[in-house]
Amino acid sequence: MMMAGVDEKPLMTTSPVFGASTISKQAFVFPTISNDFENPDFFLTSRPMAEELQEVIYYLSEFKASKIVTPFKGTSIALSKDKTRFFFGSREGRIGVAKIDTKETILEIDLKEGTIWTIALCDNDRTLFSGGCGGIIRRLSTSDMSEISRLIGHEDEVNVIFISNDEKKLFSASDDGQVIMWDITEMSPKPNVIIKHNSRIVGLDLSVDNKYIVSGSADATASVYDLIEQKEIIRISNESYREYWSVKITPKNTWLVLADGAGMLYLYKFGTWELSKSIKIHTRVVRAITATSDDKYIITGGYDNDIKLWELGSDNDPITFEGHTDFVKFLLLSDDSKIIYSMSDDCSIQMWKIPPCKNSSILSSQKIDPTKIYVGCQNRQSMYTFSNNKLGKFSFNNKFSLEYKDLTLTESVIGILNPIKDEFVFIEVKNIYHYNYFYKSSSLKTNDFSVTFINPLTCETIRSEIIALYQVCSAIISHDGKFLIIGEDHRCTIFFYDTLIKYHSFLSHKGEINRLALSLNGVYLFASDEQNIVKCLNIVNRTEVKGIKDIDAGSIKKMVVSRDNEFLIVLHTSGIANVWSIARMIKINTLNLEGVLDIIYVKNADYMFCLYETLIKAIHFPTFITSFEIVLRCKSVEFEFSNDFKEIYVLDEKGLMVWVNPLTADRFYTYGGLSPVNKFYQYLGKLAVSKEDIYDPAYNNCILEPFHINMMHLYAYLNKNSSLAQCIQDNCPFIISKSNYTALDICLQSNNEIGINILYSRIKQETIKNPMFLSVLQNSITRICKSLSEKAYKFLDLALSPSIDSTLGRYRHSNVPLPLFLYSSTLFCDKTIFSDLSIVSTEGETLQFFQTYFKLNMNPGANESLDLIKVLISTENETIFLSKFVKIVLEEKWKKIRSVLYIQALLYLLYLIVISCYSTFEGVFLLIFSFVLNVILILYELKQAISSGSDYFSDPWNYLDLIRLIFATLMFITDIIVGTVYSEFIIAIVLLVSWMRGIAYFRVIKATRYYINLIYEVILDIIPFLMIVLYSTLAFSFIFERVFRDPTKEPFSYFFYLSMSWELNLGSFSSDEYSTLMYFAFVLHAILNPILMLNLLISVMSNTFERVNSQVEVADSKELAKMILEAELVYAWNRDNIEKEYLYMIKGVEIEEIQDSTLAQVRNIKRKVADIGRNQSVMVENINKLTMNVNELKMCNSKNLEEQQRLLENQRNMESIVQEIFTNVKSRQVE
């Protein structure tokens, strides 16, 4: 009963029984699947970088391949309700029970009837039914597999059994062509035949509601039986006369799925029995089918060793799961339809987590001639095409079939869709030729052209008007729908859209204007003509800004403008795209887009999408790197974005596809060359849990959305430094995630020094080729400053780089002090910001221009600004303060906020004057005035405490402020109410604390800031010394009390001797009346305290001075940062300010810099020469060593030869002696 080359018996699936689980190397465990990634709301919440990556890694770890290797070729499998045991039926005729956690077989029995084809559990897993080659259905006890009873009725092998939900009925199918229903509540039930076929029944399925049962037979028919009505509903025949191997009723009774031996799948509408689709899904027999609980997907397994996931009711290609090496025989699905469990003839059970929903789908399988797609305001519901005076609409309610309507337009027209109003504008095109035309001449005659507005839904004309034009060559509608812009012969005319009243005409070209583009802000219009002259026109000011010649790469195909209005991208027919700065109208880069069909710059991100025949590339601006790819199913001809930029519509040779825009995805999607997709997810799963470095370059251009991270992020987070280095070498894109972190940020936060070094090399290399690549550091500066990495200083040195703007003047004649720092909201700023430099052509002082290629938030009090300052204060990496970038940032911030501290310092100075005058002259006015100033200072401190929170108490100066405020208030109360009883002491305290606090304001002055830090460090360093001095002073006070006591006089108090000991430290003494013992104590004290201790104090202070002096720049910068933070906290209204600007620095070239540069080059040459010399010395030394080794070997060989000759000679001697002995013995025998 075996077919040649294949296993004859089909194995069917049962109802979903598996629960979800995690992967373990030790055991086959059921994972706890995170449902968060299935919920779009999960991605709406912003999370810290570490938490977000941890969520991703946890989710990906669930995709790791998991396998149980079985000792036999299993035929069927069942899972206990508590999900702790597997029950197996096998080809070898054995039934086994295995514990899942240990993978141990705990029970096994041979039923001695040949292959066991099917098993099923019931009675709370206490009873197991089996069927196989013996044709008998056995009822077994799962405790010991002892037989309870038999169900006899089939005349041949039993292939499939099912048990009803109430566990009262059992259904079985056999090679005898019968489906029998059994009442298993009876111990020996009688068979009840409900379906008969003319040949064996190899497929059987029971509907989830137990109302229907379907059978598939080798007689090429499938029967559907109604268990309620107890009658056959329909019998479906296979037109190709092939055996139905697998059958399935989807859980909601929506579809009937049949599959035959040739790998064909037939999908019928359940109830109407209409054949919806027939498709070849496997190359060989389809062995098993199951379906998800929502009826959206079916899963099939076949003899081609593959498992496929199909989306019902669509034309999408399936997801293929590859991994088995032999026939897939059995499939189970978890309760939540997230996990597939498969059994194969390769003696294994594998677990497959179903990947997230697909990021694309087929809208229409109707083949459409290449044409442009227009998308209206309702996105999918308003999609159109237009060609040959036919307007086509994709029918949303009819599987997006294209419905055409003829338009009554007599002339050739240019069609434009206004997405704001969802109406078409058709402009008449005439062949008109002008001769003897002079540029900007008013003699050119106009002609009447019709403009027709049509409703695309009804194809009715809304209105039609006549306008006077020279010629119609191109046309666009402004982004806000306000203007209709028409490119004519030699001029560009702008009309109000609603009235067609002329707004303005730009007569600035010498030929036909064939390409138009508009900046997103609606200010700049770009028009190109036949000579590739591109004019920048200011619509608001109605002026021509500048013209450029883009003539080095062929005719212009299309122009687009970046989202931030920084760049104009001019695409040529040759595939070359030149990138121009709009602010400066200079070419800054050239992109080779050979083979590109179309480009679109999206309005919601800094990406330009490029359509090729088989893929879409997304190029990030201004790094100009291809961040990710979307691999298309076949040759494509056109693409367009939805009006809200959430979807991408691709017209290809098979029809119309829709892709979820990766940049707006709200679910977990992956993009890139992922075929088969499960291999990619298994790779990610293995990467997430493996301790080894694993690397596959095939996935370098893949991206995970909506996190917008790629493999570089994952390698960095998992410390896979070898893989990180390899992917960088293979040009894996360096991208910024949706949460604004890069692989560099990950390495910085985890202190991965190796990863930081690898990424520094990559960033430096990219910066040399394109300085704008430094824009990737925009959100990393704070982490760089916080990092303890040795490369932090070098990263900051890259931040301020030479400007690539070649139009900036290089000389000046002015007295403006340099360096000069300026700010601009655009990457390439307007020349007007340099107006103070009086730039001239080739004379004057030589200038250098530097700039940041990322924006900085320099707004006082802004959260980003505060974060940076706090990091600079708290960082332990003091080398960053030596970088020019940090120094400039601090100085520029200081300029913005120093007025706050100046005012505060002046106010405090006034307070000191008033409180000092009150202490000397007293008076109620001075008391009240000092109290008013005190209240103002109290309010300021209160504001500081509220703004900084617990950080307020990290500054020691604030403690003095609190003490001063308390005692100053107490002084006012006691002097006004009580009088002067306690005021003297309180005033003294107030004066002491106030004058001590006043020292801090010397930090405002740069010249004295250093000394404040020196005083602070000296106080900290002197504390241990003072402890020893006080100890010795206290000891000598007790000695003096005994030595200097006069029994004849009244004794002094102990304080007298303590003060004597202290005064001796300061050199105050009188030894006239000292006795010998007194003098000895005095000398001993003088040696220890005034001489030894004070010299030690000088040494301590000298060391402190040297240390502070060596770190004067660091200390000065930290003090400056603390003052900046104190002042910025005042700007509470600015907290949410997110405006950023580019920083520009203009400085003169100093002779020292030239000399330093030359000396650096000379030193570099000397160093290289020295390195060469050292290498040569090492080589000579190695050669000498090799020579010596060779000589030693030669000597050893010669010695060995001599030894061998000696041994040979000895051997000959021994032979001769033996020969003599033998001769003598023989002669004696003869005698």
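The backbone N, Cα and C atoms fix where each Cβ goes, glycine too.
According to TrEMBL, the feature domain 'Ion transport' maps to 905-1111.
Here the repeat 'WD' (151-184) has Cβ contacts under 8 Å with residues 1, 9-12, 14, 117-123, 129, 131-139, 190-206, 210, 213, 215, 217, 219, 223, 225, 227 of the same chain, all six or more residues outside its ends. Residues or ranges marked as repeat 'WD' in TrEMBL: 151-184 (among others).
The repeat 'WD' feature in TrEMBL is assigned to 194-235 (among others). Within the same chain, residues 9-10, 12-13, 15, 156, 159-160, 162, 164-166, 169, 171-181, 241-249, 251-253, 256, 258, 260, 273, 289 sit at least 6 positions outside the repeat 'WD' (194-235) and bring their C-beta atoms closer than 8 Å to a C-beta of that stretch.
The repeat 'WD' annotation in TrEMBL covers 279-320 (among others). If you look at the repeat 'WD' (279-320), the same-chain residues 6 or more away from its ends with a CB under 8 A from one of its CBs are 6-7, 10-13, 16, 205, 245-248, 250-252, 254-255, 257, 259-265, 267, 326-333, 335-337, 340, 342, 344, 352, 354-355, 358, 360-362, 365, 633, 655, 675-678.
The repeat 'WD' annotation in TrEMBL covers 321-354 (among others). Summarised as a single figure, the pLDDT of the repeat 'WD' (321-354) averages 85.
The transmembrane segment annotation in TrEMBL covers 900-918 (among others).
Under the heading transmembrane segment, TrEMBL lists 924-942 (among others). Long-range Cβ contacts of the transmembrane segment (924-942) within its own chain (Cβ-Cβ under 8 Å, at least 6 residues beyond either end) map to 904, 907-908, 910-911, 914-915, 917-918, 958, 961-962, 965, 968-969, 972, 975-976.
Outside the transmembrane segment (962-979) by six or more residues, the chain places 915, 927, 930-931, 934, 937-938, 941, 986-987, 989-990, 993-994, 997 with a CB less than 8 A from a CB of the stretch. Annotation comment: TrEMBL describes 962-979 (among others) as transmembrane segment.
Annotation comment: TrEMBL describes 1014-1040 (among others) as transmembrane segment.
Positions annotated as transmembrane segment by TrEMBL: 1077-1098 (among others).
Residue counts of the repeat 'WD' (321-354) by helix, strand and coil are 0 helix, 20 strand, 14 coil (DSSP-based). Taken through DSSP, the repeat 'WD' (194-235) splits into 0 helix, 26 strand, 16 coil. Residue counts for the repeat 'WD' (279-320) under DSSP, split into helix (H, G, I), strand (E, B) and coil, are 0 helix, 21 strand, 21 coil. Counting residues of the repeat 'WD' (151-184) by DSSP class, helix then strand then coil, yields 0 helix, 19 strand, 15 coil.
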